[in-house]
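These notes concern the structure reproduced below.
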Amino acid sequence: MQHRDGFTSSIGVTLATLGSAVGLGNIWKFPYMTGMNGGASFLLVYILCTFLVGLPVMISEILIGRHVKANAITCYKSLSPKGQPWFLIGVAGVVSAFLIMAFYTEVAGWVFAYIFKSIGLLFVGNGKVDGGAMFTTLVSDPVQSLFWQWFVLIFVGGIIMLGVSKGIEGTVKRLMPILFVLLIIIGVRSMTLPGASKGLEFLFTPDFSKIDFTVVLMAMGLAFFKLSIGMGTMTTYGSYYRDDQNVPLTTLRVMLADLTVSMLAGIAVFPAVFAFGFEPGAGPSLLFITIPSVFDSMPMGGVFQVLFFVLTAVAATGAMLSLLEVPVAFAIESMGWSRAKGTVVTVVLLGLFGAPAALSSSLTADVTFFGLNFFDLYDFLSSNVLMPAGGLCICLFAGWIWGKAAIRKAMSNHGALNTDAISSMFTMLVRFVTPVLILVVLLKGLKIF
Ligand code: PHE
């Protein structure tokens with residue numbers, strides 16, 4: 001058995017887990033999905049999903065990972081009874097990671113493009129930034145779209161190939177507090193814009209008539225995407241956890257911190273959306289058309305804008321490192337390839353597979369499957385099908401195969417913590433409540449029933 005690197009301090013564990021969770025999901029996806037699905041009522045359903053589905057899946061993954069101390073496929077394989085294919089959870093995770101990377105790199109590409117455009121505007125701008133026009137020009141130009149996606153792929157691939165991700169992750173973690181503060185500053189500016197109160201109303205006054213199973217499926221998918229669960233990333237992270245780490249407490253902290261970042265992003269975006277008369281349901285472009293207007297209305301806004309997109313790029317890079325590592329590690333461990341070969345092959349495949357997503361506002365705009373273009377299809381398949389299905393299997397596996405006694409032992413750190421009450425409740429959740437919830441939402445949301 002090889003010696004495995006592990007996290008060395010309790011706070012380090014929390015920050016590293018947070019490093020995978022926080023990313024474009026908070027800053028870009030959370031606001032636009034909340035905007036598209038009715039605002040406050042969606043937010044409420046999302047929070048419910050995070051508690052009833054997200055936390056149980058996350059705790060299961062981390063406990064299992066820490067117990068076996070191996071990659072996701074090996075974890076489920078080694079705990080499953082002979083002949084049962086639970087390792088497929090890990091295989092499905094590799095597919096999910098691949099699908100997510102294929103569109104995530106495109107959005108990260110927009111962020112990088114905005115850094116350079118914002119810097120340019122510092123020098124030649126007449127003070128006016130038209131976020132909408134800037135976004136349309138970017139995504140409707142196939143050359144720019146592809147260029148930025150490949151730029152990101154090569155950038156992240158380079159980090160993974162050099163094996164320096166750990167060092168970079170350290171930097172990511174250190175810069176995150178600055179992003180946090182910046183989001184608060186933007187939020188304050190946004191909230192004090194004339195007409196901003198409508199945005200807060202949208203975000204905090206629920207209208208339950210807007211909820212149906214499709215909306216619930218979206219909220220649940222976002223919970224999976226946000227916490228990086230249902231696909232093996234957290235199982236792998238769990239394998240680096242210390243044996244004396246309080247797992248339920250750590251996951252709760254990570255979840256609350258992650259939710260706080262999303263809420264700050266929502267508070268930065270929605271008041272501005274209403275103050276400037278944008279469309280809350282604009283979709284994936286929402287952040288990119290709204291935020292420049294907020295900066296436009298701020299003293300030194302141009303400088304803040306550069307800083308904002310740099311920090312968003314940093315957060316996205318942290319999340320992408322944890323994503324890309326999934327298929328690369330798979331290639332290395334199961335094909336026996338070198339790290340360099342694994343990375344190059346994965347990045348090239350992602351470039352080919354991601355290209356139609358990058359071009360989905362230009363050349364491939366008319367190619368749709370079930371009414372979804374490539375970009376939306378990859379997103380939908382990963383967040384709304386594969387990750388929930390993975391989460392369902394992980395709960396059933398933890399509750400019924402690994403079992404009550406093993407959970408109790410693992411959660412209490414072999415008796416060191418008094419977690420009996422939590423572990424009984426948790427076992428009930430992963431055996432019955434969470435799997436049934438996921439299944440009903442999947443079947444109803446996908447209109448299978
Ligand atoms: N949680 C990340 C985000 O919100 C995305 C992610 C999903 C990362 C799955 C790793 C695994 O941006």
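Any Cβ shown, glycine's included, is placed from N, Cα and C.
Predicted automatically and left uncurated, TrEMBL annotations should be read as such.
Under the heading transmembrane segment, TrEMBL lists 7-28, 40-64, 85-104, 147-164, 176-193, 213-234, 255-278, 306-332, 344-365, 385-403, 424-443.
By the Cβ criterion (distance under 8 Å, sequence gap of 6 or more), the transmembrane segment (344-365) is counted as touching the transmembrane segment (85-104), at least 3 such pairs being found.
If one looks beyond the transmembrane segment (147-164) by at least 6 residues along the same chain, the residues whose Cβ comes under 8 Å of a Cβ in the stretch are 105-106, 108-110, 112-113, 138, 317, 320-321, 324-325, 328, 339-340, 343-344, 346-347, 350-351, 354-355, 358. Looking at 7-28, 40-64, 306-332, 424-443, the range that has the most CB pairs within less than 8 A of the transmembrane segment (85-104) turns out to be 306-332. If you look at the transmembrane segment (213-234), the same-chain residues 6 or more away from its ends with a CB under 8 A from one of its CBs are 17, 20-21, 25-26, 29-30, 33, 37-38, 41-42, 45-46, 48-50, 53-54, 57-58, 61-62, 65, 71-73, 89-90, 92-94, 96-97, 100, 254-255, 258, 262, 319, 322-323, 326, 380, 382-384, 386-391, 394, 438, 441-442, 444-447. When Cβ distances are compared across the two stretches, the transmembrane segment (40-64) makes no contact with the transmembrane segment (306-332), since fewer than 3 pairs at least 6 residues apart fall below 8 angstroms. Among the listed stretches 7-28, 176-193, 385-403, 424-443, the one sharing the most Cβ pairs under 8 Å with the transmembrane segment (306-332) is 7-28. Only residues 6 or more beyond the boundaries of the transmembrane segment (424-443), in the same chain, are considered here, and those with a CB under 8 A from a CB of the stretch are 52-53, 56-57, 59-60, 213, 216-217, 220, 248, 385, 388-389, 391-392, 395-396, 398-400, 404, 407-408, 411, 449. Residues of the same chain lying 6 or more positions beyond the ends of the transmembrane segment (385-403) and with a Cβ under 8 Å from any Cβ of it are 53, 56-57, 60-61, 63-64, 76, 79-81, 84, 86, 88-89, 92-93, 95-96, 99, 217, 220-221, 224-225, 229-232, 235, 427, 429-432, 434-435, 438-439, 441-442, 446.
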